[in-house]
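Remarks on the structure that follows.
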Amino acid sequence: MQQDKIWLSSPHMGGNEQKYVNEAFDTNWVAPLGPNVNNFETDLEKYLNQNVFVGALSSGTAALHLGLILLGVQAGDEVICQSMTFSASANPIAYLGATPVFIDSELDTWNMCPIALEEAIKDRISKGKKPKAIIPVHLYGMPAKMDEIRAIANQYEIPILEDSAEALGSSYKGQKCGTFGDISVLSFNGNKIITTSGGGAMVTHSKELKDKAVFLSTQARDNAPHYQHSHIGYNYRMSNVCAGIGRGQMEVLDDHVHLRRKAHDFYMNFFQSIDSVKVLHEPSSDFYSNHWLTAIVLDSFEKREALRLAFESQNIETRPLWKPMHLQPVFANAPYYGKSVSEDLFNNGLCLPSGSNLSEEEFLRIEKVLSDYFTL
Ligand SMILES: *Cc1c(COP(=O)(O)O)cnc(C)c1O
């Protein structure tokens, strides 16, 4: 008989989520507004602790889309984006008829390489196309080198849209990820460190920007008794039912970070003596990762595939790293700057089960597959 599936990262409820959801039902705030939405936003603002303003939205993708709109991106513009990421970082560029310009990763954080970033900006400017925004990503929770990226962004006066979808709970030099961008984005999809079943948020440093995001996300209705519109609107606001789940999840966010970091320690320990495997880890004490997913790189594609299949045969989910966007058929024509760091990572890398809800017994099953594979 097959054993229960071990997931890469599955929803993990804390306990109070249902209480807040019931409140929504009891008070009939079953709508994309209400007390849970307001309170969830306040919880996030307090947690991020940088005098930020948070707008709760229907998804991280919606937040990225609105972020680009608020940064003034239009059809024909170019937007710089980390190549190694989930497609949702780049798709909103295409929604707007703009062109993504992809940037390779660097070896230590796997995130946007600052050197390739500057090379790209110079080259695009020399071609008469100054990029309108830069989208760095904190992959698997590992903070990108935001000091270096910010310095370049400021030098060329290009705003940053920070994709912090995977990095709620991470910090860089003591500052929480999700507060580094001119606009920043969080996701609460089912597989993320906390979930609202599906949802996201935009984080800004001004009330005015937040208000604009909320206005656009609720169909851009002008102030009039009838339906009056002077902007194109979107239906992107978060449901008050989902926000109830979010409020409960905020109570356990720190626990989840702690548990994901413990899962990461488990893998670090295991691979300590195995030279052919590299675990993505914090390059220095400047970096504090929520370790949303623990990821490893083996020394060949064949070995990576063999390990993946060994896990699969035991009903344990693992996943190759994000396939870089510049290698995706849908973005085949987009410009790309860098070398083959992200491509090599993709070929040889694997994400391992990292959920905050993994049991002792599940860790033993994982360890057994690893021990058998590496014949310890
Ligand atoms: C999950 C994710 C998104 C999209 O968030 P959704 O809430 O699923 O729309 C964007 N970028 C990255 C890097 C992600 O991991």
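Glycine is treated like the rest: Cβ placed from N, Cα and C.
Other Cβ atoms within 10 Å of the Cβ of K192 (active site, proton acceptor), summed over all protein chains shown, number 25. As annotated by TrEMBL, active site, proton acceptor applies to K192.
Under the three-state DSSP scheme, K192 (active site, proton acceptor) falls in the coil class. Marked as N6-(pyridoxal phosphate)lysine by TrEMBL: K192.
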